[in-house]
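Trainee: Okay, here's the structure, questions in a sec.
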Amino acid sequence: MKFVKQKIQKLRKKLRHWEYLYYTKNESAVSDEKYDAMLEKLNQLEQIYPHLIAESSPTQRIGGVSQYNFKKIHHKVPMLSLNSIVASFQLLSFDKRIKIKLHANHVMSYCCELKIDGVAVSLLYKEGKLIYAATRGDGKIGEDVTENISTIRAVPMCLKIDSNKYGKLPYLLEIRGEVFISKLCFLELNKITIQQGNKPFSNARNAASGSLRQLDPSVTATRPLSFYCYGISNYCGEKELPDSHWERLQLCENWGLPINNYIRLISGVNKVLEYYSYIKTIRSNLEFNIDGIVIKVNSCAYQSKLGCGSRAPHWALAYKFPSEVSSAKVDNVIFQVGRTGIITPIAYLEPIVISDVTIRKVNMHNINEVKRLGLMIGDTVRIQRSGDVIPKIVEVILSERTDHVKTIELPRFCPVCGSRIKTWRNQSILRCTAGLSCLAQRKATLEHFVSKKAMNIYGMGNKIIDQLVNQGLIFTSSDVFRLNKNKLLCLEGFGLENIERLLRSIEDSKKITLARFIYALGIYGVGETVASNLAIVYKTIENLAAADLQSLSNLKYVGPIIANNIYHFFRNPDNLKNVQDLIDPAIGIQLYVIT
């Protein structure tokens with residue numbers, strides 16, 4: 001029993017971490033298949049040992065949390081997730097299961113929709129006017145994004161009267177839908193982002209999520225966001241709604257809410273399989289990204305009888321598409337130095353296109369991955385985009401290996417600064433120990449410091465930082481605040497207008513929360529959540545710098561490893577001097593705490 005309990009705890013911990021990255025950080029760490037498989041494994045163990053089920057388990061809840069930057073909105077009707085399937089026999093089992101529960105012998109009708117890869121939102125209308133918009137959050141509490149939603153043209157601020165059927169507009173109407181960015185608009189957005197010297201978005205979903213959660217609605221207004229309605233969650237009007245989910249969607253369209261053109265009312269599970277196959281064949285030609293289809297029992301009366309679990313409804317499923325796989329030749333493997341000195345092998349490929357995305361390189365993460373694959377330069381490999389987001393080398397195609405392949409030589413010295421490399425974890429991880437003396441670490445540290453979630457200095461992208469560091473204009477993060485017009489005139493292709501905009505952005509960044517300032521320092525292991533907790537507990541940066549190891553270890557979200565990193569960060573003379581320089585009254589940074 002002890003072993004089972006430990007196994008369950010381990011699965012929960014891993015799933016929560018992945019959920020945090022996906023819902024809060026907008027990062028897909030693993031493929032949907034891997035996540036769903038692990039969630040199912042946990043679910044099976046909890047079914048066998050029901051006394052070990054906890055309310056906080058990923059099987060019982062959704063993984064997002066509302067952020068402190070936004071006002072919280074409580075969902076009267078929870079915004080649930082969907083259970084996923086990947087095979088036809090699972091759909092047949094679903095059909096059989098609901099017929100048994102409903103005591104139904106007839107052919108079931110299903111409303112089938114596209115599973116658009118975007119961000120779920122809830123819109124509340126009263127007497128036809130938009131009152132508020134909220135994100136999913138954890139399913140019970142979301143973020144108020146009304147001002148940002150108001151900038152999306154596809155979202156009507158006022159509903160139009162459906163004179164043919166319902167006459168007056170409903171007193172209350174709560175809509176559920178998806179905010180997304182089309183493929184073409186995403187490419188254009190990234191083109192503009194790169195031209196501005198900023199890091200491009202990794203995928204359209206992340207871009208949509210980040211755009212929707214901007215603190216400044218004027219930024220959201222510049223992003224090409226779209227919206228489709230996929231359901232009604234709450235209604236109060238003179239006439240009753242039709243029982244058919246499909247008819248309700250047609251009614252939403254009559255009220256001015258956009259719905260997707262590929263929604264179909266289908267009779268029988270075999271026809272649903274045909275719909276799945278059809279959508280799979282046209283997937284690449286669609287104007288937006290999808291990762292499967294959604295299948296809903298069409299009768300809303302049946303939906304009520306089938307009910308919902310704590311995490312997902314029992315009357316709907318997401319039938320996911322398998323990740324696309326292609327092959328490519330490995331031209332080279334370069335070792336890249338990150339912000340903390342970790343050296344990562346990057347495989348450079350002959351460019352290939354998977355799901356409309358051109359892939360030129362793949363992060364191999366560590367030396368063990370190179371060894372596991374038995375990879376050599378010149379090999380042909382199979383590439384998969386995990387969750388249609390992260391490219392990954394699945395295997396080496398040994399049958400295509402030639403005599404011209406080369407062994408990957410592991411570096412003994414830092415490829416950037418030449419310092420000796422240290423290894424740990426059975427030599428699977430390589431690290432340059434030169435710190436800010438290493439040009440790569442210095443640039444990456446500065447990139448992190450000025451990033452949107454840190455100091456948010458708009459206009460200081462990677463290319464600008466490269467020039468500033470290469471010309472010796474900045475060395476530490478405090479040097480950013482010593483930049484002036486004369487220094488910036490030295491930069492190539494940087495005119496007076498850009499200089500003035502950057503200097504304004506630097507000045508604007510000086511009023512910042514303590515949490516974001518702590519995060520900006522780049523302490524190894526200190527993400528946004530830990531930084532926020534440290535700010536609430538210690539109140540000032542001076543208190544945090546003076547904190548002892550024991551008090552740090554006792555904090556929520558801070559284990560012994562992160563506590564040790566924080567403690568030693570402030571005991572490093574260079575780090576301490578940089579922090580003292582940053583909070584020097586001459587620079588004028590104003591730190592405040594949000595409780």
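Cβ coordinates come from backbone N, Cα and C, glycine included.
On a predicted model such as this, the values are computed, not experimentally measured, just so you know.
Quick paste of what Swiss-Prot says about this protein:
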- Lys115: active site, N6-AMP-lysine intermediate (ACT_SITE)
- Asp32, Glu33, Lys34, Tyr35, Asp36, Ser81, Leu82, Glu113, Arg136, Glu178, Lys296, Lys320: NAD(+) binding site (BINDING)
- Cys414, Cys417, Cys432, Cys438: Zn(2+) binding site (BINDING)
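Relative to the rest of the structure, where do these features sit?
Mentor: A strand conformation is recorded for Lys115 (active site, N6-AMP-lysine intermediate) in the three-state DSSP classification. The Cβ of Lys115 (active site, N6-AMP-lysine intermediate) lies under 8 Å from the Cβ of Ile290, Asp291, Gly292, Ile293, Val294, Ala318, Tyr319, Lys320, each on the same chain and at least six residues away in sequence.
According to its DSSP assignment, Lys296 (NAD(+) binding site) is in a strand. Proximity of Lys296 (NAD(+) binding site) to non-local residues of its own chain (separation of 6 or more, Cβ distance below 8 Å) is seen for Tyr110, Cys111, Cys112, Glu113, His245, Gln303, Trp315, Ala316, given in sequence order.
A coil conformation is recorded for Cys438 (Zn(2+) binding site) in the three-state DSSP classification, outside any helix or strand.
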Trainee: Among the binding-site residues listed here, Lys34, Arg136, which has the most company in the form of other Cβ atoms within 10 Å of its Cβ?
Mentor: Arg136
Trainee: Considering only the binding-site residues Lys34, Leu82, Arg136, which residue has the minimal Cα-Cα separation from Cys417 (Zn(2+) binding site)?
Mentor: Lys34
Trainee: Find the shortest Cα-Cα separation between Cys438 (Zn(2+) binding site) and the binding-site residues Lys34, Leu82, Arg136, and name the residue that gives it.
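Mentor: Sorting the binding-site residues by distance from Cys438 (Zn(2+) binding site), the top entry is Lys34.
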Trainee: For the C-alpha pair, I'd like the distance in angstrom between Leu82 (NAD(+) binding site) and Cys414 (Zn(2+) binding site), rounded off.
Mentor: 46
Trainee: Leu82 (NAD(+) binding site) has how many other Cβ neighbours within 10 Å of its own Cβ?
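Mentor: By my count, 18.
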Trainee: Rank the binding-site residues Cys414, Cys417, Cys432, Cys438 by the number of other Cβ atoms within 10 Å of each Cβ and report the first-ranked residue.
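Mentor: The most densely surrounded of these binding-site residues is Cys432.
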